[in-house]
Amino acid sequence: MALPTLSAHWPSRVRTLEQQLVRQREQEARLRRQWEQHSQYFREQDVRSSKQAQWSSRQSFHRSMSAFQRDRMREEKQRKLEERRERLRTMLQEERDQLEAELRNIHPDRDTLARQLVEKTDALRSAREERRKNLAQELLREHWKQNNSQLRKVESELHKDHIVSQWQVQQQEKKQADERTQEEKQRFENEYERTRQEALERMRKEEENRKWEEKKRAEELLKQMEELKLREQEAERLKQEQETLMSKRWELEKLEDERKMMEESRRKTEFGRFLTRQYRAQLKRRAQQVQEELEADRKILAALLEGELDEQRFHKARRERAVADAAWMKRVIEEQLQLEREREAEFDILYREEAQRVWEKREAEWEKERRARERLMREVLAGRQQQLQERMQENRLAREESLQRREELLQQLEQDRLTLRLEKEQQEGLRTARIQEIDNQVEQRRKEQWEQQQTLEQEEAQEREELRLQEEELRLETDRMIRQGFQERIHSRPRSAWT
């Protein structure tokens, strides 16, 4: 019969344990690399989102527009400078041509000079006469216009129409200016609303991404918590299993002690029975004693078999042989117990001589069977002790591994909580900064609108004041002309053409 303590699967079990440790280390390294990649991705996304927010902000827009306006003004100034230079070159060229012509006409001959003087005198006389004639006609026409009531009425009507038309033109210009101002205001409001909507949309997307990331992290944390809970349950189960193994070990030791005590009692009883030489009663007592020993061995094997059956779901492959050996031993002991009961029934009909002979024969058989049983029981108990020791060692290693994994999970959970808190604080800071930026833009826009409104009101007040002054001046001039009545104009003597 093979010893149940020798396991042929021990090298494969060692290799399996080593492979599990290698896979666990590879999984931890893979999780660490994945965590580093995720952290790098989140950092890059934070930098990218901050840069995009900075580039799409109102300040960046103002800086771009200011740079564009400066470039346009610089180009406009350069163009105007080139135009002025071109005009100066043209004027210098004309002046140079005039100087050259004057230099050519500096020294004419006498005949030419006399002819030029005569022509100049005639031209001056003709021009003087023409001016006198034109002046006389102009004075007569002016006198006629001012003394003609119809023309004065027409002039008054034209002046009134001009004032009315100018008023309408001013109203039209004011209306157009108001419309342009309203359009500009509407355009700025639309631009501001569009910018605000873009900012809100960007913030909404960032909030959705943040919530999605928080949800994902919460799921990961939940998985880690579940794993931690499973580890704790595994540790508790291993602890209970350790306690069970210890109790079974104590039971085995107790059973071993009981067997030793029974053996000692049997030896003492044999010695007493040998002295009394009561073979028949001694045979019956010996048979009962053997039955008791067999019954005790059967109970021990039944307890071992029951324990082995309970542990089959954990170590089925390793326990099958031990269960089979224990079951075989139980059957053998039950057969011997039945045989001893039959022998006990035969003892009542034996005589003294035959009883002595049977006693010696049976004593030899019993001694042989006892030694065989003791050898088998020692093997079974030793195998059970070794199995319990192996189970306790495996349980201790599993508990240490579970505790180590639990510590790692707790550290990882603490690191995740710290990272999540820092990211929440950073997101809250960015959100507060963006809200402050939007509030500043709103306040700046309101200030600009208020300044524009104040400027428009001042311009309108100034226009109304100018119009009032013009109307007042017109009214005063009309009253003055009515009070003075008609007055003939005094024209000064026309100046001579020679002066």
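Cβ from N, Cα, C; glycine included.
Using a Cβ-Cβ cut-off under 8 Å and counting only residues 6 or more beyond its ends in the same chain, the coiled coil (12-38) has close neighbours at 408. Summarising the annotation, Swiss-Prot assigns coiled coil to 12-38 (among others) and lists sequence analysis as the type of evidence.
What Swiss-Prot records for 71-133 (among others) is coiled coil.
If you look up Swiss-Prot, you'll see 168-306 (among others) marked as coiled coil, on the strength of sequence analysis.
Predicted-model confidence for the coiled coil (359-484) is 77, expressed as mean pLDDT. Swiss-Prot lists 359-484 (among others) with the feature coiled coil.
The compositional bias 'Polar residues' annotation in Swiss-Prot covers 50-67.
According to Swiss-Prot, the feature compositional bias 'Basic and acidic residues' maps to 69-78 (among others). Sequence-distant contacts of the compositional bias 'Basic and acidic residues' (69-78) (same chain, at least 6 residues past either end, Cβ-Cβ under 8 Å): none.
With DSSP classes pooled into helix, strand and coil, the tally for the compositional bias 'Basic and acidic residues' (172-209) is 38 helix, 0 strand, 0 coil. Annotation comment: Swiss-Prot describes 172-209 (among others) as compositional bias 'Basic and acidic residues'.
Among the features that Swiss-Prot reports, region 'Disordered' is placed at 46-78 (among others).
Residues or ranges marked as region 'Interaction with keratin proteins' in Swiss-Prot (evidence: similarity to another entry): 74-499.
Annotation comment: Swiss-Prot describes 169-209 (among others) as region 'Disordered'. Sequence-distant neighbours of the region 'Disordered' (169-209) (same chain, 6+ residues past either end, Cβ-Cβ under 8 Å): 49, 52-53, 56, 58, 61, 427, 431, 434, 438, 441-442, 445, 448-449, 452, 456, 460, 463, 467.
Sequence annotations record features per position, and here Swiss-Prot assigns region 'Trichohyalin/plectin homology domain' to 260-426 based on similarity to another entry.
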